[in-house]
Amino acid sequence: MEESKTPHVAIIPSPGMGHLIPLVEFAKRLVHLHGLTVTFVIAGEGPPSKAQRTVLDSLPSSISSVFLPPVDLTDLSSSTRIESRISLTVTRSNPELRKVFDSFVEGGRLPTALVVDLFGTDAFDVAVEFHVPPYIFYPTTANVLSFFLHLPKLDETVSCEFRELTEPLMLPGCVPVAGKDFLDPAQDRKDDAYKWLLHNTKRYKEAEGILVNTFFELEPNAIKALQEPGLDKPPVYPVGPLVNIGKQEAKQTEESECLKWLDNQPLGSVLYVSFGSGGTLTCEQLNELALGLADSEQRFLWVIRSPSGIANSSYFDSHSQTDPLTFLPPGFLERTKKRGFVIPFWAPQAQVLAHPSTGGFLTHCGWNSTLESVVSGIPLIAWPLYAEQKMNAVLLSEDIRAALRPRAGDDGLVRREEVARVVKGLMEGEEGKGVRNKMKELKEAACRVLKDDGTSTKALSLVALKWKAHKKELEQNGNH
């Protein structure tokens, strides 16, 4: 069979578009640079979403997809946290994954590697049964990866809740992080989400390598520390920034309208405001943000979602039913119509960030969004909401110094005065100049590392060569 001569890699993304998108970029590089074939094995608790299908259907023919039957999570309560749901989806998909691997064997296409992402380590069981080397694609920072690798030890040595720690956690090469800023599933050690986080991190040592979506100039000290050989520490390969910077088609007139509006604004004058496809604010915080943007007197393009009490409430359903514009303060649209453009739900983000009129990005610090900003050289206002975003915000504002971070009051609310101060500071102030210059440097570095002789390209080549060597070995042993 002709195809069996080409190394074949199976990739299992955790549920959620934020996990799929960087893996798609990773797969494209494997195909374009190394001539590999890739199969995405998609697990989920329902039928594939339209967004998933659109992304997967647009890929080159050497990247195919298999959709596993939905898993049954009806035994979980409505309060079950997202990390538990994601982990259980992968774990309960193992019987179906075995069938897919059987079909690979029958077709002479046994993968030379299985790649999972951060919560998918239970799929290693299937990889081991079929003698396929397991790898992890880690879609966030080297700093958070260091935390994941250290968590089993931390769990044994700390008895209190991490938020009660009086000293910040100091990991080699990493920015010090207070316990209250640890990622969400580490905030309640009695919750199943923490147990699943711990369960997955304990299995990281079983991987034959970890590919991380970052690059040396962005996190030099953390990457150096991770690459020092150590017990229970697989080799780490920084292969980022893997982001989709190709042209997204603005699907509706409203979406292309926002780009037309940007065309008419002065160079670098617009603050782009978006909390990602999963992030929402409370009613009160939405109100304060709106009034702060108005008071700042800066130009802005705001992707708005209806408020809710849960920061990641639209993680699986990015179009809540209510019109978000009805939640804006009275008179806000009229007051800001000359300077602001408000768009519900979604904007073509890569195009907005690459637009010459965009000069800043108020972001939830999701890592995909952060890397898109780095690639376009756009300085940040860090406004973390959920997952590991607080850890990212600390890294971006205190270590990399590519972001300003507004201060919240004791009640967790960022007041309008603080919003206005930070927005003005980024777009007009001295502080803004510093982060702008830093982002310019990082943009150039991001471009360099992905060139043919760049560090991230070389790191990916090392892994691809390993996989090709494994394929040759299998052929010599007469095993397809």
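Yeah, the Cβs are placed from backbone N, Cα and C, and that goes for glycine too.
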### Message
Given that Swiss-Prot assigns Trp346, Ala347, His364, Trp367, Asn368, Ser369, Glu372, Tyr386, Glu388, Gln389 to the UDP-alpha-D-glucose site, pick the one from Ser277, Ser296, Ser456, Ser461 that the record assigns to that site as well.
### Response
Ser277
### Query
Once the DSSP letters are reduced so that anything not helix or strand counts as coil, what is Asp117 (active site, charge relay)?
coil
### Rounded inter-Cα distance in Å - His364 (UDP binding site), Gln389 (UDP-alpha-D-glucose binding site)
7
### Local backbone state of Glu372 (UDP binding site), from DSSP in three classes
helix
### Task
Let me know the most crowded of the binding-site residues, choosing from Asn368, Ser369, Gln389 and counting other Cβ atoms within 10 Å.
Gln389
### Query
Just checking, which of His19, His364 (recorded positions) has the fewest C-beta atoms within 10 Å of its C-beta?
His19
### Task
Out of the recorded positions His19, Ser277, Trp346, Ala347, give me the one sitting nearest to Trp367 (UDP-alpha-D-glucose binding site) by CA distance.
His19
## Note on the structure
Students should find that the Cβ of Ala347 (UDP binding site) has, within 10 Å, a number of other Cβ atoms equal to 25
### Query
Taking just the CA atoms, what is the gap between Ala347 (UDP binding site) and His19 (active site, proton acceptor) in Å?
19
